[in-house]
There are 4 protein chains.
Amino acid sequence: MSHNSFGHLFRVTTWGESHGPAIGCVIDGCPPGIALSEADIQPYLDKRRPGQSSFTTQRQEPDQVRIMSGVFEGMTTGTPIGLMVDNVDQRSKDYSNIARSFRPGHADLTYHLKYGIRDYRGGGRSSARETAMRVAAGAVARKVLGSEVVIRGAMVQMGAHRIEPSRWDWRAVDENAFFCPDAQTAVAWEQELLQIRKDGSSIGAVCEIVAEHVPAGLGAPIYGKLDADLAAAMMSINAVKGVEIGDGFAAAMLRGEDNADEMRLDADGGIEFLSNHAGGILGGISSGQPVVVRFAVKPTSSILIARRSVDEAGAETEVSTKGRHDPCVGIRAVPVGEAMMACVLADHLLRDRAQNGQRAR
Amino acid sequence: MSHNSFGHLFRVTTWGESHGPAIGCVIDGCPPGIALSEADIQPYLDKRRPGQSSFTTQRQEPDQVRIMSGVFEGMTTGTPIGLMVDNVDQRSKDYSNIARSFRPGHADLTYHLKYGIRDYRGGGRSSARETAMRVAAGAVARKVLGSEVVIRGAMVQMGAHRIEPSRWDWRAVDENAFFCPDAQTAVAWEQELLQIRKDGSSIGAVCEIVAEHVPAGLGAPIYGKLDADLAAAMMSINAVKGVEIGDGFAAAMLRGEDNADEMRLDADGGIEFLSNHAGGILGGISSGQPVVVRFAVKPTSSILIARRSVDEAGAETEVSTKGRHDPCVGIRAVPVGEAMMACVLADHLLRDRAQNGQRAR
Amino acid sequence: MSHNSFGHLFRVTTWGESHGPAIGCVIDGCPPGIALSEADIQPYLDKRRPGQSSFTTQRQEPDQVRIMSGVFEGMTTGTPIGLMVDNVDQRSKDYSNIARSFRPGHADLTYHLKYGIRDYRGGGRSSARETAMRVAAGAVARKVLGSEVVIRGAMVQMGAHRIEPSRWDWRAVDENAFFCPDAQTAVAWEQELLQIRKDGSSIGAVCEIVAEHVPAGLGAPIYGKLDADLAAAMMSINAVKGVEIGDGFAAAMLRGEDNADEMRLDADGGIEFLSNHAGGILGGISSGQPVVVRFAVKPTSSILIARRSVDEAGAETEVSTKGRHDPCVGIRAVPVGEAMMACVLADHLLRDRAQNGQRAR
Amino acid sequence: MSHNSFGHLFRVTTWGESHGPAIGCVIDGCPPGIALSEADIQPYLDKRRPGQSSFTTQRQEPDQVRIMSGVFEGMTTGTPIGLMVDNVDQRSKDYSNIARSFRPGHADLTYHLKYGIRDYRGGGRSSARETAMRVAAGAVARKVLGSEVVIRGAMVQMGAHRIEPSRWDWRAVDENAFFCPDAQTAVAWEQELLQIRKDGSSIGAVCEIVAEHVPAGLGAPIYGKLDADLAAAMMSINAVKGVEIGDGFAAAMLRGEDNADEMRLDADGGIEFLSNHAGGILGGISSGQPVVVRFAVKPTSSILIARRSVDEAGAETEVSTKGRHDPCVGIRAVPVGEAMMACVLADHLLRDRAQNGQRAR
């Protein structure tokens with residue numbers, strides 16, 4: 001079962017709410033003998049951390065991670081790795097407008113319908129704050145994968161404006177507040193998002209995550225498919241409504257001969273692909289090509305603009321969400337998507353070892 | 001672990017290859033006391049069955065299902081339900097062209113890279129033949145859900161031609177060979193697909209599955225999200241490259257106030273939604289609105305048109321796939337998608353009972 | 001979840017009832033490239049097969065196993081292995097005495113209380129017939145473990161009569177109808193069991209399973225302990241009421257210095273243990289010593305001697321079970337216990353590879 | 001997978017080492033709407049807490065539990081419950097005698113063989129300190145079960161001295177340092193254990209856990225048997241080497257007519273059992289009778305008396321363990337066994353609801 005756990009052999013279980021004392025996770029199954037310290041994890045948390053620009057929530061959280069177990073003298077021991085981050089900036093704001101009403105398009109309603117009780121403060125368990133622990137776990141997953149596997153992400157679309165592939169430059173990604181791979185587009189987005197924020201509104205986005213040098217053979221044929229696990233992983237991120245592998249929905253428009261990724265031999269006699277429509281996955285198993293995943297993020301439902309709704313008492317009402325919210329949650333979804341990619345690949349790396357490997361003694 | 005199992009509490013495990021003696025599945029966790037016979041399952045298999053039109057593979061399989069266990073005097077007993085379908089039309093054709101070469105874009109390559117061995121006859125385990133057991137399991141899942149939950153699917157796009165929402169008519173779906181919800185479009189598709197088949201090519205498609213009257217509260221907040229499980233389910237279908245819930249990728253283009261599904265009270269005091277951008281799922285949990293999933297199917301890689309490839313011996317070659325193949329695998333993906341929807345919902349129905357239910361004695 | 005599945009990475013799912021058309025299992029996770037044919041499995045089924053002496057049920061079942069999937073040209077392919085055995089001798093006897101009454105001490109009652117419905121013919125799913133598939137799966141597990149790991153079992157106690165350790169001779173095990181490691185004791189048991197059978201009664205037993213040359217390092221520290229999994233495995237065999245590892249309950253009577261398995265170095269510098277009170281497992285992980293498990297089997301509750309009971313209608317009654325039953329089910333539990341040992345070890349071998357291994361390319 | 005998780009629907013994952021900053025657990029799947037506070041958990045931790053008599057380790061740990069998540073305004077919310085206990089008394093002692101040598105009979109050796117690295121301080125992850133989180137989880141499980149289900153445990157044997165059933169008195173259990181159900185025996189044990197401690201030795205024990213008023217129908221027929229899960233649960237407790245249900249090994253000595261628990265009707269027309277040889281479980285499913293489990297605890301291997309061993313460098317040595325250890329770890333295993341019983345029953349209660357229940361709306 002997987003209410004709050006993710007992965008099978010590299011297994012991450014998260015806990016915590018937006019306004020509790022802390023959030024944390026347990027990583028079970030991490031191999032022993034891997035050098036690991038807080039310094040390996042903190043940079044990824046810093047990348048996801050809110051309050052770094054005017055385009056994300058202004059909540060101030062240092063997000064300092066602590067390793068609580070599973071590491072001895074700087075090395076993983078094979079036992080569960082407990083990670084924890086304190087919640088610091090739980091502003092004691094007035095939640096009266098959402099404590100008993102449901103934001104249209106928000107989990108407020110469905111948590112209430114399912115459980116009959118919810119911690120409404122900051123969204124409780126449905127808050128994107130939980131993703132901090134995904135990012136922390138992703139940092140450990142990267143260590144399991146090794147430095148050869150390179151996982152990078154970018155925001156490639158905001159609203160209707162999509163990056164031209166020809167303008168894509170990975171170096172630009174870390175130089176703007178949007179993880180945008182085109183400096184020029186980033187400037188345009190900045191203007192647009194400032195206006196959206198001023199309007200008290202929000203906007204959707206598309207993110208793309210690419211993993212290079214992924215070993216061939218990760219995945220499984222039927223229900224443990226690498227792409228199926230990636231789809232679940234990305235769809236489990238807050239506000240995500242669609243996932244594509246490789247060409248994704250564009251593949252529906254292709255004919256067989258155009259979609260086929262033809263193969264030749266490279267200079268070393270290895271397989272060289274002439275295209276990557278498949279996004280690095282065939283039959284649920286990695287081919288050795290870059291694994292390419294895109295996901296769509298809806299606009300956050302916490303907006304200042306009033307929307308018609310109902311409340312717990314069964315009366316009609318209007319909801320306008322004040323508080324600190326991301327005008328474009330797609331931005332901070334980039335490091336989260338990278339982390340999910342890392343976790344899925346690490347899980348499948350261990351799964352492949354189980355079925356195809358041998359004991360390294 | 002889930003190499004070949006799907007679901008947690010309504011758990012389906014499939015086995016079998018395209019050219020083995022039979023294929024089968026085990027359904028574990030089905031509640032007792034449900035009336036079930038082969039007649040409940042066979043119609044769905046008939047719908048997926050190949051050879052019914054010139055637009056699917058010409059392999060002739062009666063696909064007669066047998067219940068091997070778990071049913072006594074016409075009722076489920078709570079013990080595992082074994083289902084089996086014999087493989088009848090395993091034509092002893094010449095596989096020399098794909099036995100040692102890899103069809104570009106096909107699992108041939110990655111099975112070889114992962115396992116070093118594969119049953120190449122008819123695609124072996126990677127054949128869409130496995131989906132017959134998904135459809136059989138889906139029929140049982142529908143019994144668990146009860147007749148009030150209505151699950152229907154349609155092919156809504158073939159190549160570049162998408163159905164206009166205004167022309168959608170569920171009654172048309174069963175009256176053409178494409179599960180197309182528009183009789184007029186079906187005629188156009190027919191012409192197009194005949195030409196594609198004549199060209200020795202194939203074409204991609206998009207399917208949509210809708211589940212109505214799904215109880216609110218199915219799903220779980222973080223990693224057991226209903227939409228995450230649906231994404232994995234659909235992505236695990238052969239040739240699927242993208243999955244959307246509700247507005248999906250179109251949601252990326254919306255502003256928050258446009259994406260919010262506003263709520264009013266209906267005449268009975270129940271919640272009435274004014275739109276369904278969310279596709280019936282908020283925060284990973286069903287809201288009571290129709291659950292709407294779309295998925296993209298790539299064109300099959302088994303085409304007559306020759307493509308450049310390599311072989312097991314490490315030499316360059318060209319591959320042209322003769323044999324009996326679907327020119328548009330999206331067609332037969334419709335009943336498979338319906339079945340996966342049914343299985344995911346049944347699984348979450350039981351999961352919700354575990355956490356929120358009580359013993360019915 | 002594990003209603004009918006066993007193991008995680010070497011995962012066995014069984015299906016079938018005593019009087020259905022067949023019983024079967026699916027083995028998921030078996031590594032590829034292992035030579036496997038029906039001939040590898042059949043000898044173990046023959047060993048468990050009923051009707052071979054007057055001390056087991058007289059039901060005549062050839063128990064011919066068929067491999068339905070997962071093997072190609074004599075080698076495992078990494079895909080699920082479907083196994084099946086037809087039920088042949090489902091005698092159409094009169095079940096009126098147990099169809100609506102509950103045998104005291106039998107699962108009749110609890111199946112009824114749980115499910116409200118049960119296939120009473122031959123015990124349905126609660127029949128020891130299900131163990132045939134465990135034995136078949138165990139044969140595959142032995143192939144995964146390799147021929148160096150030797151797994152053997154014996155019945156070491158029948159009623160109050162326990163084998164003297166000094167008289168233990170493995171060679172005797174296959175030369176009597178009891179899997180008794182002492183020829184002389186076997187003769188005494190024969191007399192005793194003939195009388196018990198004549199009395200219409202049954203008798204309990206204790207079986208011991210020993211696995212030699214098990215690699216050190218199998219298991220996991222806390223909840224995936226090798227001994228915990230062995231305990232569950234053995235306790236899941238029909239009629240088992242107790243499980244011991246190594247000295248088991250006798251360890252409760254020891255002082256620390258007597259229970260400690262002291263260590264010296266052998267001629268090759270390897271660790272030599274001076275005793276094996278621990279039964280080869282320390283902290284849930286194999287030490288390299290023989291793994292020793294014993295389990296207690298209660299007398300079967302299907303006896304001719306009338307016992308007071310109740311029926312489904314809620315009336316008092318007496319139950320006397322005619323039909324074909326084992327007077328000492330402990331006998332046939334020996335090959336089942338061996339199979340469970342093999343399955344648990346194979347599962348943990350793969351689990352250890354996942355965490356501590358590397359890809360063998 | 002279950003390296004460090006336990007249960008399926010009431011799922012407990014623990015983390016932490018003896019000498020890390022804290023230990024903790026995550027409980028996933030707990031139903032919403034249950035009143036829960038630290039005060040519900042603390043009494044059980046206090047019962048297990050070391051240093052309360054001269055018969056347990058002298059480590060001083062307040063074991064104050066903190067609820068980190070999953071509870072809002074005093075009620076569970078259905079989201080994961082994070083619990084944590086700080087490690088306070090990690091005495092900076094000299095570990096040189098066990099840092100590189102292996103205590104005979106201890107997990108020191110096998111952790112080293114499996115992982116090549118271990119946190120040797122206080123036994124690291126293999127320390128019985130982990131059981132504090134089991135006890136905490138067990139307290140939550142009791143809330144899920146409701147107050148009608150009564151779970152109690154006792155130490156019924158120390159060394160060779162077993163309590164006479166006729167002298168059993170539950171009231172005595174809380175009035176001596178041994179959880180001994182006979183005040184007179186407790187006095188004798190006290191003298192004996194003082195001497196054993198003076199000798200620098202340790203002694204084994206047997207504990208019994210009884211759960212009364214368990215609903216009938218908990219468990220599953222084949223691999224999810226209630227007794228199999230209890231066996232795994234108890235065997236996973238540190239130092240346990242054997243588990244019995246009901247009569248356990250004594251059942252091996254019985255004839256069928258003596259082992260059968262006959263049934264009559266009670267005054268209300270309900271089923272009345274005339275005996276409980278089965279320990280409340282038939283065919284893996286609870287019958288409504290008291291569930292009775294016994295387990296054997298070996299003497300701790302951390303003793304002052306020197307034993308022959310080897311070290312990491314591959315040299316022969318002698319090990320004598322100073323430090324603070326339990327002369328009879330069986331004592332503190334009683335509350336741990338109770339907690340495992342509670343967790344297994346809660347898990348199966350939810351599992352039964354999934355298959356046999358209905359949504360409580």
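Using N, Cα and C of the backbone, Cβ positions are placed for all residues, glycine too.
The feature NADP(+) binding site is assigned by TrEMBL to C:Arg48. Per TrEMBL, the feature FMN binding site maps to C:Arg125, C:Ser126, C:Ser127, C:Asn238, C:Ala239, C:Gly283, C:Lys298, C:Pro299, C:Thr300, C:Ser301, C:Ser302, C:Arg324.
In the three-state DSSP scheme, C:Ala239 (FMN binding site) falls into the coil class. One residue stands out among the binding-site residues C:Ser127, C:Thr300, C:Ser302 for having the most other Cβ atoms within 10 Å of its Cβ: C:Thr300.
Summary: among the binding-site residues (C:Arg48, C:Arg125, C:Lys298), the fewest other C-beta atoms within 10 A of the C-beta are counted at C:Arg48. Proximity of C:Ala239 (FMN binding site) to non-local residues of its own chain (separation of 6 or more, Cβ distance below 8 Å) is seen for C:Ala128, C:Val297, C:Lys298, C:Pro299, C:Thr300, C:Val329, C:Gly330, C:Ala333, given in sequence order.
When the Cα atoms are compared, C:Ser127 (FMN binding site) and C:Arg48 (NADP(+) binding site) turn out to be 14 Å apart. Spacing of C:Arg48 (NADP(+) binding site) relative to C:Ser302 (FMN binding site) is 19 Å (Cα to Cα, whole number). Among the binding-site residues C:Arg48, C:Arg125, C:Ser302, the ones with a Cβ under 8 Å from a Cβ of chain B are C:Arg125.
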